[in-house]
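Remarks on the structure that follows.
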Amino acid sequence: MADTSKPATRKAAIVGGNRIPFARSNSAYAQASNQDMLTATIDGLVARFGLQDKQLGEVVAGAVLKHARDFNLTRESVLGSKLSATTPAYDVQQACGTGLEAAILVANKIALGQIESGIAGGVDTTSDAPLAVSDDLRRVLISLNNAKTVQDRLKALAKIRPGMIAPEIPRNAEPRTGLAMGDHAAITAKEWEIGREEQDELAVRSHHNMAAAYDRGFFDDLVTPFLGLSRDNNLRPDSSLEKLSTLKPVFGKGDPAATMTAGNSTPLTDGASTVLLASDEWAAENGLPVLAHLVDAQTAAVDYVHGGEGLLMAPVYAMPVMLARNGLTLQDFDYYEIHEAFASTVLATMKAWEDPAFCKGKLGLDSPLGPIDRSKLNVNGSSLAAGHPFAATGGRIVAQLAKMLHEKGPGSRGLISICAAGGQGVVAILES
Amino acid sequence: MSDWYRDFANSGFGTTLVKQLGLPRPAVLRRFEPGQPLLPGPAIIGSAGEGRLREALTELLRAEGVHVQSPVTADGATDGEKPAAVILDATGLRTPGDLASAHDFLSPAVKRLRATGRVLILADPPSDADSPAQAAARQALDGLVRSMAKELRGGSTANLVHVPEGAEASIASPVRFFLSGRSAYVDGQVMSVSPAELPKADDDEQLLAGKVAVVTGAARGIGAAIAKVMARDGAHVVAVDIPAAGDKLAEVANEIGGTALQLDITAADAPQRLIEHLRERHGGVDVVVHNAGITRDKLLVNMDAARWNSVMAVNLQAQLDITQALLDTEGALKPNARVVCVSSQSGIAGNRGQTNYAASKAGVIGMVRAWAPQFAERGATINAVAPGFIVTEMTAKMPFGTREVGSRINSLQQGGLPVDVAETIAWLSQPGSGGVNGQTVRVCGQSMLGA
C-alpha cells in the first residue's frame, strides 16, 4: 500500500525584502511600466542579498492592472534582472491580496521541500494602465487581421463606426456592482458607524508612524530608490487632524453623513515590492539572516453581491479560522498589520472582531475575538501613508513586519490582514 | 572621461605640433590589467655602498619572471633591451660622498629607461641614522627622487621607500606595487615600511580572495572604482552609501557580485548597524575603506556652521567612530585586518574655499598615524591615501580653465583616474602589505600642490 502520510513540513523563513518607494499615480513613475518596476525591485533585492547569477527555486509575483503583453510579467522581469536566467517564475493575481498570496505560495513550496528559496512580489501601475478598445472595435480589427483579400479587408473596415473608437479605461470598480471600492467601503463604514474623526486619526497616525520610521533608518534595508524617489511621495510627515478635517468626502457621496475623504482613503499608487523567502538551511548556507517565519495563512471570501456582507470584510472571516488552527487568540501578537485600504476598513474590521453579536451570528464564535492593542497596530505606518499599489502592498507588509519581529526578538509574533477586491481577504501569521 | 589633450598630443599630427610649440606631451600611463606581467621589460638593480636588499630584490623580481640586467658599465656597455625599471638599493649609504655611486648607477640606467618605466629607491630612514652625515646622505635621496620624478617623461615614475633595519621582509608588497601598473599615478613619493608578520606568498591575481571588504561612498566616482577593483582582486565587497543613493549603489553591487548596504554613516547607530550586518552576514570584516566624503565649499568668513559640521561629520568623525567601534567589538575585525582612509591633497596643501574639507582630510592623516601602533599590535594596518586631481563626474563640472590647469600641474601632466586611487587602496588592503602602516600615500602624479 502506498504511503499516504503527509510529507514532513517546515516553516519558510523570511530573509528580507525590497521595494521601491511608492509613488502617487501619474507622478514620479508615470513613464515606468510594471516590468520596469518589478525588475528594478528584484535587482535591489539581488544587491541587498548578493543573489547575482543565483538560481532561486521560484519567483512568484503579479499585477492587478496588466497589459496583454505582460502575460509572463514575472518571468520577463526575472530575465531582465541580475538573477540567473534559469530561475523559473509565474504570475498570480488576487487583487490587493496578490502580494501576500504570492508569499504564501512560495512559503508553502518551501514548507513542502519542493524549493529551497524563492522571491514573492507584486507590482502595479495606475499611470501606465492598459487601455482596451471596445469589444465591437476589437471584433472588427480581428476580422480585418484575418481577412485575406483586399476586398475582405475593405469590408471589415467598413464596419467601423465612430462610437466604437472610445477606449475602455480600467476602472477601480467592482464589475458585479458597478460601485467603486471606496463606495463599497462607505457602505460598510456606515453600517458599523465608523466616525470621521477616528478615521482621520488613524490616517494621521499612519503618516506620523511611517515618517518616524524613515527618520530613524527603519526603511534603509527595505527600500531602494527608483527614478529619483527615495521615500514614498504620498507620505505627509506634517499631516494633522486639522488639515484632514478640511477635506470633503469623496466616497458615499450623496449621503450627508459621508465620512470617507481623500485623506483617510488610499490614493491610486504605482510601485513594486519583493520578499526573499527560503528554508533555514538555505539562508544559513548563504550567510543570510532569518528575520521571521511564515507560520500560517488563511484566505476567505464573502458574498458581497447577494450575501449582505461588506466587500472588504473577508479578512474578518479568515482570522478566527487561522487563529483556531494555531491555538492562538487575537491578543497573542506583538504587532498587527491591518492593510489600510481605507481607514474605515481597518476600524470596521476591528469593530467586527469586538462585536459579540457579529462574532456569534456571522463567525459562529461563542465569544468575540476581542480588541487589539492599538499601540501595536501598524506601528511603522501602512497604506494610508505609503500609498497602495495593489499587488505590491502584501510584499511591503511582509518584509516590514518580519523586520519588526526580528528587532523585537525570538518568539515575537505578528499578524497580517489584507482585504481584496472581489470580496476576498488574506490573513497570515509571522513569528520570529 | 577622455583626456582630449593627452589623446591629441599622442596622435600623429598632435605629436609634431606640441613638440614644435614646446608644449607638454602627457603620456598614456601604464595601468594594471589582470594577467599583465609585473614589468613590460627587464629591470636593472644597483646599489650605493654595501646594501642589504639587493639579493632579496633580485630574487623577488626573478620570481615575478622579470629579467634582471647588470648595471650599465662606465663605457656604456649594456646587455640589450632597454630597462622598464631601475632599482637602487641605497641601504649602504654612510656619507654624502657615497651618493656619487648612486649618481653613477642611476644616470646611465635612467637614460635608457623605457616609457612608463619605474625608478625605485630603497633606503634606511634618515631618523635611524648613526651620524648627521649618514642622516644627511639618506635625506638627500628625498631631493634626488623628487627631482628625478619631475625629469622623467613618458609616464615614468620615481619613488622612495624607507626600509628600517628588521623590516626587510616587508618590502615585497611595496616593490611589486611601485613597479606594477597599479601605481601608475603615484609619483615622487616617499613612504616607509615597518617590520611585520606577513603571510606566505600571495596568488598575484586574486590577492584579496576570500576577503570581505567594506567600501563606504561606493555608489559612484572613486568609491565605485574602489569597489570594482577590490572585487576584481577577489574580495566580497559590502558597498555602503546613503539610502538616497541606493539605486546607484545596487547597480555597483550587482555589477561586481557584492552586496549593497544603505546606511547613513553619520547616524548615531551607524557603527553598531554596520558591525551587526558584518557579523551576521560575514562573521566580521577584513578590509574597511573609509571613502565616503562630501564637500561644502565656502570661504571661511562666509562658512556657516552647517557646512562646517556636515563635512566634519562625514569626512572625519564617521571614520573615527566606525573604526573605534570595530576595534572595540570583539571579532568585528578579522585577523590581519586592513583599514584604508581616504584623505585628500587638500588636507596636505590646503585649498581656497575648503577650510572645512581640508581640515577634515588633514585630520584623517593624523588619525591613521596615531592609530598605526595599536593596529600593528593585532597584525592589522591603517593607512590613508590622498588623491590629487582625479577625473570624476565632479571635476567634469569644473570650468574648463580651472580643470585644465588643475589636471596639468603635476609631473605626469594629466589628471588621475578613480582606478588609480582604487589600485592604491587595493594594494594597501593586501595581506602582504602588513609592513605598510600609518602611512599616507599620495595618488597625485607628483602634484605641485603641497609637494
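Numbering starts at 1 and runs along the chain as displayed.
Just so it is clear, glycine is given a Cβ too, placed from its N, Cα and C backbone atoms.
Automatic, uncurated: that is what TrEMBL annotation is.
Computed from a predicted structure; not experimentally measured.
Residues annotated as active site, acyl-thioester intermediate in TrEMBL: A:Cys96. Under DSSP, A:Cys96 (active site, acyl-thioester intermediate) is assigned to a strand (E or B) in the three-state scheme.
Annotation note: A:His388 (active site, proton acceptor) sits in a strand segment as assigned by DSSP. Look at TrEMBL and you will find A:His388 (among others) tagged as active site, proton acceptor.
The feature active site, proton acceptor is assigned by TrEMBL to A:Cys419 (among others). There are 33 other CB atoms within 10 A of the CB of A:Cys419 (active site, proton acceptor), with all protein chains counted.
Feature annotation from TrEMBL assigns domain 'Thiolase N-terminal' to A:13-280.
As annotated by TrEMBL, domain 'Thiolase C-terminal' applies to A:289-431.
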Alpha-carbon spacing, A:Cys96 (active site, acyl-thioester intermediate) to A:Cys419 (active site, proton acceptor), which is rounded to whole Å: 7
Pairwise Cα distance for A:His388 (active site, proton acceptor)/A:Cys419 (active site, proton acceptor) [Å, integer]: 12
The one of A:Cys96, A:His388 whose CB sees the fewest other CB atoms within 10 Å, among these active-site residues: A:His388
